[in-house]
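The structure's right below; bear with me while I get my questions together.
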Amino acid sequence: SVSEANHSVVTEFVFLGLSNSQELQIFLFLFFFVFYIAIVFGNLLIVVTVASDSRLHSPMYFLLANLSLIDLSLSSATAPKMIADFFSTRKVISFKGCLAQIFLVHFFGGSELVILMAMAFDRYTAICKPLRYTTIMCRHMCAGIVAAAWGIGFLHSVSQLAFAVNLPFCGPNEVDSFYCDLPRVIKLACTDTYRLDVMVIANSGVLTVCSFVLLITSYTIILMTIQRRPSDRSSKALSTLTAHITVVLLFFGPCIFIYAWPFPVKSLDKFLAVFYSVVTPLLNPIIYTLRNEDMKRAMRRLEKWNVNSGIKS
């Protein structure tokens with residue numbers, strides 16, 4: 001009956017988490033707590049370094065600072081809840097909280113996708129059209145790119161949320177993960193979800209795959225351009241480009257398997273979800289700082305400035 005259906009509407013979801021072992025959960029708590037602290041520190045360090053050092057006030061580092069800010073936000077949408085849940089017997093999130101996680105994950109994920117494409121365009125312009133670089137990648141262009149990234153991320157997340165917000169949830173409420181994401185949540189709906197699964201693949205999956213192919217094609221063109229140049233002039237460009245390609249592979253690899261692969265494997269999906277939301281936001285600042293001499297010199301200058309300020313005070 002209608003009254004029975006109304007009484008059975010799901011108001012909360014239960015996460016099954018990463019493990020049922022109490023000993024393992026203590027280890028995972030310590031492991032991910034350290035990881036998250038490193039994510040916050042590493043990404044904020046990049047943002048502060050770029051903002052404070054005038055030598056880094058260029059389009060490439062402006063986009064890098066925005067990437068770090070998005071990485072920090074993406075991880076913060078899932079990691080704190082996961083870390084707190086290691087000490088909970090029932091890992092519960094409200095229905096609205098679940099929708100909020102879906103929105104935030106796709107908001108920051110969609111924004112990061114656009115920023116990575118913008119960084120590829122920036123390197124393409126710098127290497128393939130160096131004489132026109134300052135004209136093309138002007139301040140207004142950079143501001144427009146960042147505004148477009150946040151705007152596209154918002155539109156993408158709203159479109160994803162539209163799939164879930166009106167779904168009837170009246171039975172199972174256990175999410176086999178540590179956070180809410182659309183492919184897992186729609187499987188709990190009290191309706192046939194085949195069409196919704198196809199729509200998710202068509203929306204997030206096709207968008208991710210097409211963007212990945214476009215990025216790889218762009219970087220291939222850039223690499224071919226670098227090979228035609230003298231080795232002493234191309235070594236720095238190649239080092240920067242290697243860091244960019246590594247970050248692209250780390251971001252898009254898990255996304256393609258989570259949103260575009262039609263035959264999901266639960267254990268693999270959990271691993272990739274951890275990699276996407278916790279590991280990649282930590283690896284990005286490490287990759288960009290270890291492979292970038294300008295960033296390392298700027299961080300040493302920032303450290304020296306802090307030491308001198310401490311001595312004077």
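Cβ coordinates come from backbone N, Cα and C, glycine included.
Remember, TrEMBL labels are computer predictions, not curated facts.
OK, TrEMBL features for this one:
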TRANSMEM  26-48  transmembrane segment
DOMAIN    42-288  domain 'G-protein coupled receptors family 1 profile'
TRANSMEM  60-79  transmembrane segment
TRANSMEM  99-121  transmembrane segment
TRANSMEM  142-163  transmembrane segment
TRANSMEM  205-226  transmembrane segment
TRANSMEM  238-261  transmembrane segment
TRANSMEM  273-291  transmembrane segment
Taking pairs 6 or more apart in sequence, does the count of Cβ pairs under 8 Å between the transmembrane segment (273-291) and the transmembrane segment (142-163) hit 3 or more?
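Taking Cβ pairs at least 6 residues apart, the transmembrane segment (142-163) and the transmembrane segment (273-291) are not in contact, as fewer than 3 fall under 8 Å.
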Does the transmembrane segment (60-79) reach the transmembrane segment (142-163) with at least 3 CB pairs under 8 A, where each pair is 6 or more residues apart?
yes
If you count Cβ pairs under 8 Å, which stretch among 26-48, 99-121, 142-163, 205-226 touches the transmembrane segment (238-261) the most?
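The stretch I would name here is 205-226.
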Within the same chain, where does the transmembrane segment (142-163) have neighbours whose Cβ lies under 8 angstroms from its own Cβ atoms, ignoring anything closer than 6 residues to its ends? I mean 6 or more beyond.
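Answer is 59, 62-63, 66, 70, 99, 102-115, 118, 182, 186, 196, 199-200, 203-204, 207.
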